[in-house]
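What follows is a set of notes on a single structure, which appears directly below.
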Amino acid sequence: MSFEDKGKAKEYWDENIKLVLTLLSVWAFVSFGCGILFVPFLNEITFMGFKLGFWFAQQGAMYVFLILIAVYVKKANTLDKKYGVDE
Amino acid sequence: MDVQTLTYVIVGITFALYIGIAIKSRAGSTKEFYVAGGGVPPVLNGMATAADWMSAASFISLAGIVSFVGYDGSVYLMGWTGGYVLLALLMVPYLRKFGKFTVPDFIGDRYYSQGARTVAVICAIFICFTYIAGQMRGVGVVFSRFLEVEVDTGVYIGMCVVFFYAVLGGMKGITYTQVAQYCVMIFAFMVPAIFLSVMMTGHIFPQLGFGAELLDASGNASGVYLLDKLDGLSAELGFAQYTEGSKSMIDVFFICGALMFGTAGLPHVIVRFFTVPTVKASRSSAGWTLLFIAIMYTTIPALAAFSRVNMIESVNGPDGKGIPHEQAPSWVNSWEKTGLIKWTDKNNDGLMQYSKGDANEMKIDRDIIVLATPEMANLPAWVIALIAAGGLAAALSTSAGLLLVISTSISHDLLKKNLMPNISDKKELIFARLAAAAGIVMAGYFGINPPGFVAAVVAIAFGLAASSLFPAITMGIFSTRMNKEGAIAGMLAGLGFTTVYIIYFKFVNPAGNIPDNWLFGISPEGIGMLGMIINFVVAALVCKVTAATPQSVVDMVESIRFPKGAGEAQDH
């Protein structure tokens, strides 16, 4: 066991799950939400020459995906260090 | 030099480069053959994975599809990039820590069952074969269009090149050739897109030009936004609004989901992340991969819009009445020769007219959007040659990645782990090479005699990955309680439902493949997401009423949840 005790292992995993779920809710919000479900509503707004819903579907969602992975990499590495389970 | 000579020269140079790299990075052990020795730096692995992922279809056809269907094409853009978020957050770090060679390895060990392993092997092989048949065809088509050789000859040449570096180099060889192929591919794609963007909107970045005002003939802003122009043209010609599309919302939702979850379950993508040295490296490698893919995928919709406006205006003329065929731009004539553009003068007025409905006189193949871009933008001949080299790089890199999974599935999952457990590493390597060689021959056969069902079964490949492999892997990581019975029942239920639904609408009753007959209005392309939900539900129910997971498996799951002690990918 690399953790000090079972409790630490559970704490680590709970924090990890919280991080993943937070990021995945953003993921679902921009793609299924802004890119699909809210498109009719968002298309009323013009953004840099785009209808906003269309922009999310063909550009914005992909930029957000990139940011999400970058945040995950950074946070997950910090979390590993905090619990002393990094490589 | 004329275009054709230049194309021969550029394609020749790139092929020599790939083969040179393959000779330098030959594989000496199964570990090098399967996972490149587990020592690939994350940025390079990101490039190689991006090349592996972006197929001939992404390079040649995707911009054309988006161009013809507008908003509806977003499902591919979001689906094929959003899947990487799932990969990075839910699978890659844990599978890397698990540290074996293949996806069936994980499923077999985690569910302590040869049955589960076998289901996973069958899915992996089926998915890869569906894919690879299309790739070899792509190689043949690029050869025949740009180099004017027979499609069959093109397929033979492609087979020889892939044979050389996949069989010799294994994962190590293909990883480093894929890095080179990514560079060729992205350069070839971006150059014409950037020129077109500058020409039409004055923006260097196509992503910005996409939302900008069009320039008029003298190079001043015309006050008309590209997308407004496109919506206007679409309405005039009777098409659905470019920015709104015509598919129902629920169908778009499910197709996008099936592609995302399917992407995250594709074995040839997952296995790439076994090649990096650490868990930390696997996380950042997923980020690099998405970055390299996004460079192309955010350009695709921009190129689609530029080319659509350009194409409609060159055919219908600025006044929309049609321009005389003899004054057509040269790219129209040159692609008429290949049959990708056809003009039938229905009303005998000598003018070309493009629209939806009966008055339409133009038959324009979707692939034109990428293939003819350099000519639309009046770019020099070497750019046209680059497109050919880029298309070939896309097709070859994807074929090689797929072949590797096929050969690994046979030599490692089927022979070593099932039928011949005492086989030596050296022998296993020989079998891996033989399997890769056999795979190439079969892929070549399908390239020369393309089965009509290839396009139809691509939906099955994503559906299968989403409804079987993705749930089995994620449950295996995030639940310590999920047992063998639950996982197998879930996989079979998801798999069975998805396959039956697709086969019914694609093969048994293709005439009935209309929204009114679909379950909840979900097309066969999107049904994999429903199959995935069924998988999760069935697995949870069956798990509740069957025996608990053995303690050794629970310990294994707990040990893959944190990075420390990952070491290199290993066999035992």
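Note: Cβ is positioned from N, Cα and C throughout, glycine not excepted.
Taken straight from TrEMBL:
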- A:10-86: domain 'Sodium symporter small subunit' (DOMAIN)
- A:20-42: transmembrane segment (TRANSMEM)
- A:54-73: transmembrane segment (TRANSMEM)
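For the transmembrane segment (A:20-42), same-chain residues at least 6 beyond its ends with a Cβ under 8 Å from one of its own Cβ atoms are 51-54, 56-57, 60-61, 64-65, 68, 71-72. DSSP assignment over the domain 'Sodium symporter small subunit' (A:10-86) gives 63 helix, 4 strand, 10 coil. Model confidence over the domain 'Sodium symporter small subunit' (A:10-86) is summarised by a mean pLDDT of 94.
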